[in-house]
Structure formats: C-alpha cells, structure tokens
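Peer 1: Here it is: the structure, laid out below.
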Amino acid sequence: MREVISIHVGQAGIQIGNACWELFCLEHGIQPDGQMPSDKTIGGGDDAFNTFFSETGAEKHVPRCVFLDLEPTVIDEVRTGTYRQLFHPEQLISGKEDAANNFARGHYTIGKEIVDLCLDRIRKLADQCTGLQGFLVFNSVGGGTGSGLGSLLLERLSVDYGKKSKLGFTVYPSPQVSTAVVEPYNSVLSTHSLLEHTDVAVMLDNEAVYDICRRNLDIERPTYTNLNRLIAQVISSLTASLRFDGALNVDVTEFQTNLVPYPSVIIRPSTPAEKAYHEQLSVAEITNSAFEPASMMAKCDPRHGKYMACCLMYRGDVVPKDVNAAVATIKTKRTIQFVDWCPTGFKCGINYQPPTVVPSGDPAKVMRAVCMISNSTAIAEVFSRIDHKFDLMYAKRAFVHWYVGEGMEEGEFSEVREDLAALEKDYEEVGIEIVEGEGEEEGME
C-alpha cells in the first residue's frame with residue numbers, strides 16, 4: 001500500500017481537517033462511527049481508500065491522521081462533534097495553554113513540550129503502514145500554533161522520515177483581512193521552515209476562497225465552514241488519485257517531480273482552483289475557467305507572471321481525448337504564458353470518481369470537475385505583500401520583545417527575512433531571463 005498520514009496543526013489545520021474527513025467519509029461511504037456498510041461498496045470493494053484509512057479488527061475504518069493544538073477548545077469540538085467516534089482518542093492531542101499568536105511560543109517554549117508526544121503518535125501510525133508514502137501537513141502561518149508548532153514538526157519529520165514526501169497545505173494571511181497584528185512576523189518565520197522542509201507547499205488564502213464562495217457559489221456571507229468545505233473539495237481532488245482508481249493516476253511524489261523545476265524555487269506555491277459547480281460544463285470550459293484569476297485560491301494574478309508547471313486533476317466523466325484538446329487550446333492562448341524553458345509544462349490526471357458534495361453543502365452536484373495546481377511566478381506577489389508588512393513593523397522593532405522573551409534571538413528575524421527576499425528574487429529571475437530571451441529573438445527577425 002502507499003499510505004499517507006495527515007497532520008492537522010492549530011485551529012485552521014484542525015477545522016480544514018474536519019471538513020476534509022467529513023468529505024472523505026462521504027466519498028467512501030464510511031459512516032461517522034467508522035463503519036462501512038457492505039452494500040455501499042464504492043469502487044467495487046477495492047482497497048484504494050486504505051491509503052487514508054486503516055481498518056481495525058471490528059471492521060471500523062480509522063483515519064490515518066493526527067490533530068494537534070496547544071489549547072483544547074478546538075480539539076474539544078472534534079471530541080464532541082459528529083465524527084467523534086471516527087477518530088482514535090490518542091490521535092487528538094491538545095495542550096493546556098495556547099501559543100497566543102506567537103511563533104516563538106509555538107516553536108520554542110510550549111511547542112517543545114508537546115512535540116515529542118506528537119512524534120510518538122505519528123510513529124505509531126507510521127508503524128501500521130506497509131509502505132508509507134508521505135505526509136500531508138495542514139496549518140496556517142498567521143497564528144502561533146500553526147506557524148510555530150507546524151514548522152517545529154516539519155523540522156523533526158525531516159530528521160525522522162528524511163526520504164518521505166511532505167506536502168503542506170498552508171493558509172497564508174489575506175491582503176485585506178487580518179486576524180492578528182503579528183501575522184507578518186509569524187508567516188515570514190514559518191515560511192523559512194516550509195522552504196527547507198516541505199516538498200510542495202500549496203498556498204491557500206482565506207480572502208481568495210471567500211471571494212470564490214461569494215462570486216461562484218452565491219453565498220452572501222460565507223462562514224469558515226463554507227470556506228473549509230471548499231478547501232476540502234480541492235484537497236479531495238488532489239488526493240483522489242490516491243484513494244480511487246482512475247485512468248491517469250497521480251502519485252504524491254509526482255506532484256513534486258512535476259511542479260518543482262529546480263531547487264532554488266522551492267516553496268512551489270501551488271494555487272489550486274476547484275471549478276465547475278452549477279451547469280454541466282464541457283471539459284474545455286472547465287479547463288479554461290481554471291486558468292481565470294478569479295479561480296485562484298491565493299490572492300495573486302496569474303496574468304502578471306508565467307507558469308513554470310501546471311498539474312490538472314480531472315475527475316468524473318472525462319476522457320483523455322477531451323483533456324488533450326482542452327490543453328492544446330490553452331497552449332494557443334496568449335494570456336496564459338509559460339516560461340520558455342518549459343514549453344509543455346502540463347501534467348494531467350484523470351479520476352473516474354465524480355466529485356461528492358456534502359449534503360446541505362454549497363456546491364451543486366456535478367458530473368465533472370477539474371482542480372488545477374500550478375507553480376507560477378505570480379506568487380511572488382504574496383511574498384512581497386507579507387515582506388512589506390514585516391518590514392514596516394520590524395523597522396520599529398514593534399512586538400519583537402514578545403518573541404525574544406520566549407527565547408528567540410533577534411538575529412533570526414533578519415535571517416528569515418533575507419531568505420524570503422532570496423525566494424522572491426528567484427521567482428523574479430525566472431521571469432526576467434525569459435524577457436531577455438524574447439528580445440533577442442525579435443532582434444534576429
């Protein structure tokens with residue numbers, strides 16, 4: 001088997017986790033108590049779903065996941081919620097006091113006390129796997145636990161499971177909406193770890209997802225439940241090929257191979273868009289709509305950058321012939337630009353399982369959908385926004401004493417800031433080299 005272990009850190013990670021497992025259970029016909037009635041054998045009784053669920057002797061299906069938080073309130077909601085019987089009590093780990101939106105508390109002081117317990121639980125899950133493929137880590141980088149404990153955990157996972165893939169699904173601070181004053185500090189500090197310790201980091205941004213809910217799903221005032229369910233649809237599409245059989249299945253390691261051109265462009269900021277919901281659209285139409293700026297789940301305009309790589313994950317009633325035609329059309333468009341050293345740039349996956357929707361959920365039931373995950377130079381916009389806010393605060397050393405008081409050194413701030421500046425520069429250079437090349441060609445003509 002090619003098992004995958006999911007790790008949900010902090011409030012955002014846990015709430016996205018709730019939405020994801022709710023959806024996975026519906027997709028596989030697993031009830032909230034973990035039972036899977038035999039008459040609902042989806043996919044003819046194959047065991048592809050065992051990549052995400054382990055089976056106990058009592059025929060109960062238990063998610064291969066761990067929920068971690070430094071304070072109990074959010075995890076208590078899982079302990080008392082609809083799916084309380086689904087999870088093993090040992091998989092829900094909470095501390096006594098929270099990280100107070102402080103990266104240093106999550107990473108150095110309070111996080112340090114709980115991290116060994118977390119790794120112990122992860123080790124138990126890993127021991128149950130016959131061929132562990134990798135980890136999916138869910139967190140946000142604006143708060144204290146997601147950023148601090150999340151990056152500490154990634155560092156430790158790199159040591160213990162060096163060769164395993166690590167995919168991060170990370171919620172970045174939104175341009176306009178802020179939940180904490182110190183968000184820029186936390187995000188820059190934890191991006192440093194994401195760069196070093198994840199293989200692919202998928203960026204999500206509440207404001208962008210909020211806009212999709214409002215514009216595409218006509219929800220006037222989206223709640224976090226709406227946002228999380230939409231994010232869960234995206235994650236479900238990305239992992240569908242691990243859980244179901246399809247025509248062109250995509251492995252976790254294949255994301256890495258296809259999205260990462262060379263190591264300096266490491267954060268592989270993939271901006272996924274889950275498309276199609278209302279009318280029955282053709283494959284070409286859903287493919288085109290996936291490339292629209294309005295579909296991006298991180299606030300950046302892909303028209304300002306160039307694509308280095310792009311994975312298209314189709315599900316439902318889709319045949320390879322239609323996909324090839326749709327991709328050929330995209331390649332002829334002038335608005336969608338690829339870097340010239342990567343002319344093909346497309347990786348496609350097809351899965352025959354159509355998207356499942358949560359009863360009373362927002363998206364309508366559709367026959368086919370596409371989820372795009374891409375590496376584009378436009379993502380530099382996200383970093384420059386965060387960097388700018390970081391610089392404004394750090395110039396005055398505002399709030400720095402809270403971090404130093406928890407055992408951090410001030411030098412760390414400038415070190416991680418330089419790292420991010422280098423990343424921004426990498427993305428810019430990828431774009432610039434190309435412009436020079438185009439100029440030469442015109443000169444020759």
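Any Cβ shown, glycine's included, is placed from N, Cα and C.
Residues or ranges marked as GTP binding site by Swiss-Prot: GLN11, GLU71, SER140, GLY144, THR145, THR179, ASN206, ASN228. According to Swiss-Prot, the feature N6-acetyllysine maps to LYS40, an assignment based on similarity to another entry. Here Swiss-Prot flags GLU71 as Mg(2+) binding site. Residues or ranges marked as active site in Swiss-Prot: GLU254.
Context for these features, please: burial, neighbours, distances.
Peer 2: In the three-state DSSP classification, GLN11 (GTP binding site) falls within a helix.
DSSP assigns GLU71 (GTP binding site) to coil in the three-state reduction, outside any helix or strand.
In the three-state DSSP reading, GLU254 (active site) counts as helix.
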Peer 1: Residues with Cβ closer than 8 Å to the Cβ of GLY144 (GTP binding site), same chain and 6+ apart in sequence?
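Peer 2: Long-range Cβ contacts: GLY10, LEU70, ASP98, ALA99, ALA100, ASN101, ASN102, PHE103, ARG105, GLY106, ASN186.
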Peer 1: What count of other C-beta atoms do you get within 10 angstroms of the C-beta of SER140 (GTP binding site), across all chains shown?
Peer 2: 29
Peer 1: Quick check on the binding-site residues THR145, ASN206, ASN228: which one has the highest count of other Cβ atoms within 10 Å of its Cβ?
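Peer 2: When each Cβ's neighbours within 10 Å are tallied, THR145 leads.
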Peer 1: Far apart in sequence but close in space: which same-chain residues, 6 or more away, have a Cβ under 8 Å from GLU254 (active site)?
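Peer 2: Sequence-distant Cβ neighbours: LYS347.
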Peer 1: Of all the binding-site residues given, GLN11, THR179, which residue's CB has the most CB neighbours within 10 A?
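Peer 2: Highest number of other Cβ atoms within 10 Å: GLN11.
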